[in-house]
Amino acid sequence: MTKKIILPSPAKLNLFLYITNKRADGYHELQTLFQFLDFGDDISLEVNESGEIELLNAIEGVAKEQNLIYRAAKLLQNHTACSKGAKIGVTKRLPMGGGVGGGSSNAATVLVGLNHFWQTGLSLEQLAELGLSLGADVPIFVRGFAAFAEGVGEKLVACQPRESWYVVLKPNVSISTAAVFQDPNLPRNTPKRTLSRLLSEEWTNDCEKVVRDHYFEVEDLIAELLQYATFRLTGTGACIFAEFESEAEAKAVFAHKPHNIFGFIAKGQNRSPLHQMLNLTTFPQ
């Protein structure tokens with residue numbers, strides 16, 4: 001492979017998020033549902049025999065050793081003792097700190113893509129285990145299927161929620177995930193429910209009230225758009241989203257977003273666009 005290959009690095013949403021317990025070690029147990037979107041960044045890969053990892057558009061002021069894309073490539077290269085190299089570029093569309101998985105998705109696309117084109121032969125499960133050291137959400141993107149997560153996020157069950165249309169908006173604020181989980185008003189005893197029951201119920205997010213109480217930018221945007229649609233938080237934010245049955249309905253609401261707010265329209269995907277493109281088998285069939 002000498003030509004440049006462009007691979008999708010999709011966004012994700014947490015369609016619901018419930019916190020069921022705080023453990024003695026400080027970690028929170030949760031129940032959440034991840035779904036991919038047909039919108040995201042693009043990762044370009046150009047494999048070569050140099051043995052070097054070159055970032056084509058490194059982030060200014062960030063050492064390459066701290067860049068998740070570089071770290072993912074080096075991790076796979078070292079783990080498999082691969083002698084090949086690659087030039088890697090990224091076209092960013094996803095907002096930083098939006099809670100839609102940009103960095104984790106980029107790392108996963110690099111792991112999956114280079115494993116494929118370097119022919120290093122790791123299974124998706126092996127790649128997911130490797131990717132966990134890069135971030136808690138990386139295995140979701142590596143496995144490539146919409147998933148119900150429990151525990152501290154490590155117990156995954158593939159599932160197929162409805163593939164709706166979404167309007168996703170990014171309030172002009174950065175939110176500290178750590179601060180949200182340390183907040184004394186955060187619910188920590190939501191009863192555990194079975195996946196089948198959760199899929200039949202209306203979905204909410206236990207973090208949303210805390211975030212809306214502390215970040216007026218999120219509260220004001222949700223309130224402003226309430227006359228058009230009910231938006232809710234994904235993860236700990238900052239992005240919010242609303243669900244629609246059709247693209248036309250989504251476009252009609254999107255037209256009312258404030259001009260200074262970044263946003264996009266996307267369709268839910270239970271199989272990652274990356275895995276669709278590479279025709280990879282996802283877990284479990």
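Glycine residues also receive a Cβ, built from the backbone N, Cα and C atoms like all the rest.
As the structure is a computational prediction, the values presented were derived from the model and not from experiment.
Look at Swiss-Prot and you will find Lys12, Asp137 tagged as active site. Among the features that Swiss-Prot reports, ATP binding site is placed at Pro95, Met96, Gly97, Gly98, Gly99, Val100, Gly101, Gly102, Gly103, Ser104, Ser105, with the record citing sequence analysis.
Counting only same-chain residues at least 6 apart in sequence, those with a Cβ under 8 Å from the Cβ of Asp137 (active site) are Lys12, Phe34, Gly101, Ser104, Gly153. Sorting the binding-site residues Gly99, Gly101, Gly103 by the number of other Cβ atoms within 10 Å puts Gly101 first. Counted within 10 Å of its Cβ, the other Cβ atoms near Lys12 (active site) come to 27, all protein chains included. The Cβ neighbour count for Gly97 (ATP binding site), using a 10 Å radius and every protein chain shown, is 17.
Other than Pro95, Met96, Gly97, Gly98, Gly99, Val100, Gly101, Gly102, Gly103, Ser104, Ser105, the residues of this chain whose Cβ falls within 8 Å of the Cβ centroid of the ATP site are, in sequence order, Ala11, Leu94. Proximity of Pro95 (ATP binding site) to non-local residues of its own chain (separation of 6 or more, Cβ distance below 8 Å) is seen for Gly102, Lys170, Ala238, Cys239, Phe262, given in sequence order. DSSP assigns Asp137 (active site) to coil, not to a helix or a strand. Secondary structure from DSSP puts Gly101 (ATP binding site) in coil.
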